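Notes for the one structure printed next.
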């Protein structure tokens, strides 16, 4: 059933029940199925939810609980990840394949059950098994609970803006070929706004997102980068935007004419409709290519904003196009990413923990896989601190943790890189080529409950310096500082913002640079930390944080639900 609300007392099977009397259970059914569509002059079979691209928008209030029945009618294994949801004691619903569950096989089903606590804003959901995320995704909107309001002017309307990528090919086969050959997949054929490429692409004149506005009104744009592998610049001609939230955490208002958004990230921005009604205005997005030497699709998607009350007809109105930054404008990207700050004392604001229990320095980037007999070489690999992550095949990591099953993962992820070197020097492998090769493993870092962890994420340039959007499941983290070059504690500790840093679940670590993040491990379970450039995770750019149970029942992981899929 779709969008049903019932009193929360009727659902005693939920693992956590809100004490707020106005809270509800919001229940949906996701039918995962194949669909034949026409895009870019070609008919293509894709996998979608409920027959649409993007899939349905889930709307809840803070304090609600969600039950999503996923029925897999597709020919592919599937899982759904609820990107950015904390999943306090509901980690069995987090969704990454072989991390918290085995995939839902064709013809099978699974009910994701979780509560929405301490979060407001824009999140999203997507497939977390193979490249199906290219077409299996949608928005997850969390509004304040009844009687509470936004900490900014009430908008006239809320508008989801989801960026995507489109391939004129079978995306599952595309990923399988990339993994087999160790070569990145072909670039996408188009970018999309709400599933529509826009009129700069072939056979797409009438396939453009359109937004009608009323002059003098405010609109809340809920912007989501669901693109697979590309960070994006986004602008609206003749309009400025006020950022009020990032990754479902309120920010101090930040006025800008350009949004920069990495795969996995969300931005809430207010648009004030204050321009001439006799002109229309394109919204447009194109790549921020942090690694100029790496091929990327240098095309542009666009939608259009029309004002009501115009004296001219739609066909005769001029349409203005925004001037987007250069594809390689790292300074504009860095300025946007680093200028966001927290809305101190706003709803659900969490101060920075001042005392750190665990310190880690983690290198991230691409390398090469050592050649085995009868294999194609060289293959690209990716790693965190030279550990190239491999998904288990027999049992999910969370089940192994809960049932204490040995041999599924190793608890040896290091606090420091095994070899220290000049991380951002692109010529370092000329004298030490062995740095290029990574070891395959399924490595985890074990954390005691309530441990405060500080992680320095250090990009390296062994293959190509690149900005990696790093996503942590189950937590938000404070972004204390960012910079370029090699992190130097004697120089860079003074840059830490301990007062009002932004909190995120996905951070684009600067190209050829570093970032310092801090979080408290108060959520028991197995949580993957990985690059959200989708081709990089199967190459190995990930690791696991296993957070142990706390001392009480309310801090102890419950057993798996009876319908948890089997491998």
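Just so it is clear, glycine is given a Cβ too, placed from its N, Cα and C backbone atoms.
For the Cu cation 4 site that Swiss-Prot gives as 531, 536, the extra residue drawn from 468, 473, 478 is 468.
Together with 126, 532, the Cu cation 2 site in Swiss-Prot holds one more listed residue from 73, 76, 83, which is 83. What Swiss-Prot records for the Cu cation 3 site is 473, 530, and among 28, 69, 128 the residue it adds there is 128. Swiss-Prot marks one residue of 34, 72 with the annotation N-linked glycosylation site, and that residue is 34. Neighbours of the Cu cation 4 site: apart from 468, 531, 536, residues of the same chain with C-beta atoms within 8 angstroms of the site's C-beta centroid are 364, 382, 466, 469, 470, 530, 532, 533, 537, 541.
The Cβ of residue 536 (Cu cation 4 binding site) lies under 8 Å from the Cβ of 366, 382, 468, 530, each on the same chain and at least six residues away in sequence.
Among the recorded positions listed here, namely 81, 186, 339, 531, 531 has its C-alpha nearest to that of residue 386 (N-linked glycosylation site).
Residue pair residue 77 (N-linked glycosylation site) / residue 339 (N-linked glycosylation site) shows a Cα separation of 40 Å. In the predicted model, the domain 'Plastocyanin-like 2' (157-310) shows an average pLDDT of 96.
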